[in-house]
């Protein structure tokens with residue numbers, strides 16, 4: 001899984017035979033382009049690594065375009081949803097309620113009962129959330145904070161001290177006991193410790209610790225788990241030199257450890273790993289001055305660099321000529337509106353690409369500074385381009401005004 005794998009060859013001029021430059025001319029810029037073939041390849045790579053013994057739930061937060069969720073459904077993948085709207089997007093895209101796991105945090109009674117009324121299993125972030133329920137669901141899970149976290153950035157580390165996620169193992173024992181006393185008979189257990197992890201040894205160790213903790217919780221609470229959900233967080237490289245996740249080695253190690261226990265299904269919640277490297281942003285350089293390349297790709301579209309300090313590979317469309325390092329910026333009135341640096345020579349009018357933009361880009365975008373969101377285009381396996389979301393216009397800005 002390399003950062004250029006979405007393209008037909010190292011020239012990075014086409015995807016599935018479709019010219020990137022021609023796509024920019026056809027749809028304008030900025031535009032987000034996805035490869036369906038790449039998404040499917042990523043799905044099947046996980047399946048092969050886990051010997052078809054894993055149940056996958058797509059992390060909708062990574063990219064909530066219904067046409068992408070439809071691909072997941074076509075590939076027999078369920079939904080990991082974090083809000084009522086993600087639940088509705090999943091159902092709209094064909095995923096049945098029984099294949100959805102709702103994992104909210106700080107949920108309102110409305111949020112929780114929304115899932116309950118649709119027969120969707122709830123993964124509770126706290127015991128107090130469970131106690132809010134109007135009625136008790138048939139199936140529940142609790143999110144465990146195992147006492148450790150692991151993520152690319154502090155802001156994407158979701159386990160351990162000083163995080164708002166999950167309950168500690170001792171509290172979980174009491175929570176499962178109470179749920180059992182309430183008559184619930186179907187249980188799962190869940191963990192999510194952080195995002196964009198690429199060290200298969202450390203990931204496998206974290207999963208092993210989770211299985212051990214889950215086994216103790218089950219024994220002491222007197223419940224058996226129909227599934228053990230290790231969450232998502234499987235990472236991809238964003239720039240040259242970053243290591244790739246050895247998914248085959250991870251799958252082998254995890255299955256070996258999982259087989260020591262009796263948890264029912266092993267569940268994964270991949271998002272970034274499935275769609276992250278399957279998307280690119282194509283933009284235009286509008287101005288070059290003082291070491292900055294001013295483009296139409298800003299933090300309104302890709303907030304990750306400003307939010308986390310995340311890096312993306314940025315390359316010209318077409319010929320690449322080495323130059324001095326230049327900082328790529330957008331059109332937003334903030335000095336944090338920086339997408340990253342590149343050493344390729346850029347001139348006014350050039351097309352550029354921001355790679356690995358399939359996850360946490362459009363789904364985290366905004367209309368800040370009155371900038372409409374761009375169209376999203378899917379390139380099919382046969383090379384045909386399909387618009388799966390149009391470019392926004394003024395009517396979208398005032399659609400909710402009353």
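Residue numbers in this text run from 1 along the chain shown.
Every residue gets a Cβ built from N, Cα and C, even glycine.
Given the structure is predicted, the values throughout are model-derived calculations rather than measurements.
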Further pyridoxal 5'-phosphate ligand in Swiss-Prot, beside 269, 270, 271, 272, 360, within candidate set 233, 309, 330: 233
Spatial neighbours of residue 304 (substrate binding site) that are distant in sequence (at least 6 apart) but have CB under 8 A: 310, 312, 360, 361, 364
Sparsest Cβ surroundings (other CB atoms within 10 Å) among the recorded positions 61, 272: 61
When distances run from the Cα of residue 272 (pyridoxal 5'-phosphate binding site) to each of the recorded positions 61, 308, 334, the nearest one: 61
Top Cα neighbour of residue 270 (pyridoxal 5'-phosphate binding site) in the set of recorded positions 61, 308, 334: 61
Which same-chain residues, if any, lie at least 6 apart from residue 271 (pyridoxal 5'-phosphate binding site) yet have Cβ under 8 Å of it: 58, 59, 60, 61, 62, 63, 80, 232, 359
